[in-house]
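Working notes, beginning with the structure itself.
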Amino acid sequence: MMIADMLRTCLRRLNIQERRAFRRMYLLLALDAFLQLVPASVIGWALVILMQRGMSMTELWIYGSLPLLLLLLRIPLLICIQSLGFRCGFRAGQGLREMALDRLRALPLGSLSMFKPGMTAALLTEEVGVVENFLAWHAAILYGYLINACLLLGALTLTDYRLGLLAILLALGLLPLLRLARRFVGDVHRQRREQLDHGGEIINEFVRGIPVLRVFNAAERQTALFTDTVKALHRYADSTMKRVIPWLGAGRVWLELSLVGVMAGAAALYLRSELSLIQLTLVLIFAIMLATPLDLLLSNAIFLGMAQEAYNKLQPLLTSAPLVEPDSPQFPNDNSIVWQSVCFGFQPGRRLFSNVNFSVPPGSFTAIVGPSGAGKSTMLHLLTRAWDVDEGTIRLGGVDIRAMSLDTLFDNVAIVYQQGLWLQDTVMGNIRMGRPEAGDNEVIAAAQAACADDFIRCLPQGYQTRLTDAQSCLSGGELQRISIARAILKNAPVVLLDEATSALDAENEYTIQRALSRLCRGKTVLMVAHRLNTVTHADQILVMEEGRLAAQGDHASLLATCALYQRLWLCQQEAERWFFTSSVGQYNEK
């Protein structure tokens with residue numbers, strides 16, 4: 001059932017022509033399996049004729065050339081089969097990757113967080129690669145040898161039903177060994193992947209944290225952790241192969257004993273005159289030929305186990321529930337934002353937000369403040385449907401965001417995070433991500449509006465500098481301005497800012513505030529802020545505390561009426577009056 005499910009899933013992404021090619025390949029495999037029997041049958045028949053009455057030169061040429069012609073006929077047939085197998089198998093693997101990427105794109109952020117970047121990359125490369133190679137090569141081999149074995153068993157049964165039934169029973173004795181070998185190999189593949197994932201995480205931590213690890217003299221400890229992981233991987237592989245190899249050896253012994261048993265049975269029947277010479281010859285030929293496909297089925301069962309385990313690893317991703325999109329999507333009427341009785345929690349029974357209500361008028365500037373853990377950034381994520389609310393509604397332009405298509409929602413929203421996302425592309429390409437159809441002049445105009453044009457032109461290749469090469473020489477503020485340029489280019493009516501200036505020095509903060517003012521001009525803005533002095537001129541400020549809306553209003557009214565806002569403001573003012581004195585090693589108040 002698992003094999004059938006794997007094939008159905010992979011073939012689902014193929015078009016009609018590719019599915020026909022896949023079916024044609026398996027029909028050709030069946031034909032090839034049949035053609036493998038004909039030469040041996042012809043030779044066996046010729047030997048019988050030769051022993052019974054002799055053979056003329058003409059008959060000798062006919063019986064000798066026919067197997068050769070059939071062998072020559074199989075050459076283009078095998079080339080066609082391999083070509084179809086590789087084309088269909090790798091296309092099915094491509095479809096599997098596309099299916100996984102489509103699912104990743106549509107997953108809620110809560111589900112996506114279960115898949116670590118390294119693990120997801122391994123799923124889309126190595127695990128899909130295992131399934132891909134199986135479909136492109138090993139599946140065809142297994143199918144071909146299975147058909148070949150079935151035809152040989154059928155030929156044996158037609159030759160003598162007693163020997164045929166004996167051969168079938170002996171061949172069925174291999175099934176438990178095949179199952180065990182497949183299961184053991186699947187286990188070692190899973191354990192290997194777990195250890196590789198763990199080792200990859202350690203290496204990523206090591207590479208990212210080399211400066212800190214060196215300072216705290218912890219590099220050796222991290223290296224030891226990776227070494228332990230590699231040793232554990234070797235132990236798993238060694239212990240599992242010690243279990244697999246005996247079963248494979250037992251399978252080959254059983255196979256050889258079965259072959260001897262069938263041949264001995266044929267000899268006994270011949271001596272008792274219950275089997276003719278022709279039947280004896282054919283039985284011996286078919287029995288000898290049967291050993292090859294059964295042995296190769298036993299050997300290739302390990303690839304089936306690996307493919308099944310790789311497919312099992314993909315299942316959590318492929319079966320994760322995506323965000324539901326409406327059949328008849330609606331469009332927002334304006335740029336207003338309304339939260340109506342919103343309740344939400346990351347885990348059932350543990351709510352982060354309870355009955356939150358507020359509205360943001362079109363073209364206004366609303367700030368969200370509060371202590372850490374109050375849910376400020378999560379509010380922005382909910383507006384972009386990173387998760388869906390448990391109760392209540394979030395409306396954009398008077399329309400429930402769940403009633404919009406994701407494309408419509410994302411077209412109307414631009415977001416700037418504290419830590420931006422940069423692709424392995426040029427600076428031009430990274431800014432153009434805001435609006436892929438934008439021309440070069442539009443990209444440059446957006447960079448100028450974001451106060452980024454000057455430093456971009458100073459890069460080695462200017463706008464064509466790959467950002468991965470430029471990141472080492474760009475400051476955090478400069479990278480942030482590239483993110484702002486991207487949002488300016490998108491020109492969405494709603495702008496979400498998540499701590500966009502909280503980690504910057506004074507000069508960069510001033511420059512970025514100028515860029516943000518150009519980004520937000522005429523837009524509906526929702527901004528998460530830690531520095532209250534950056535939002536004192538906001539049209540309204542939402543004060544969040546432990547998932548509830550504690551207060552809302554402008555800066556002056558909140559200072560007069562909200563104790564939490566007063567405390568946050570006072571803490572910020574006091575923090576600005578502290579400085580560090582190196583001579584005494586402690587903080588002092590100005």
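Yeah, the Cβs are placed from backbone N, Cα and C, and that goes for glycine too.
From a predicted model like this one, the values you see are computed outputs, not experimental measurements.
According to TrEMBL, the domain 'ABC transmembrane type-1' annotation covers 27-306.
The domain 'ABC transporter' annotation in TrEMBL covers 337-571.
The annotation transmembrane segment is assigned in TrEMBL to 60-81 (among others).
Here TrEMBL flags 134-155 (among others) as transmembrane segment.
Sequence annotations record features per position, and here TrEMBL assigns transmembrane segment to 161-181 (among others). Long-range neighbours of the transmembrane segment (161-181) within the same chain, counting only residues 6 or more positions beyond its ends whose Cβ lies under 8 Å from a Cβ of the stretch, are 149, 153-154, 244, 247-248, 250-251, 254-255, 258, 261-262, 265-266, 269, 283, 287, 290, 294, 297-298, 301-302, 305.
Per TrEMBL, transmembrane segment is recorded for 253-271 (among others). Listed as Cβ neighbours of the transmembrane segment (253-271) (distance under 8 Å, sequence separation of 6 or more from its ends, same chain) are residues 156, 160, 162-163, 166-167, 170-171, 173-174, 177, 277, 279-280, 283-284, 287-288, 290-291, 294-295, 298.
Marked as transmembrane segment by TrEMBL: 277-298 (among others).
Outside the transmembrane segment (60-81) by six or more residues, the chain places 25, 28-29, 31-32, 35-36, 38-40, 42-43, 45-46, 49, 140, 144 with a CB less than 8 A from a CB of the stretch.
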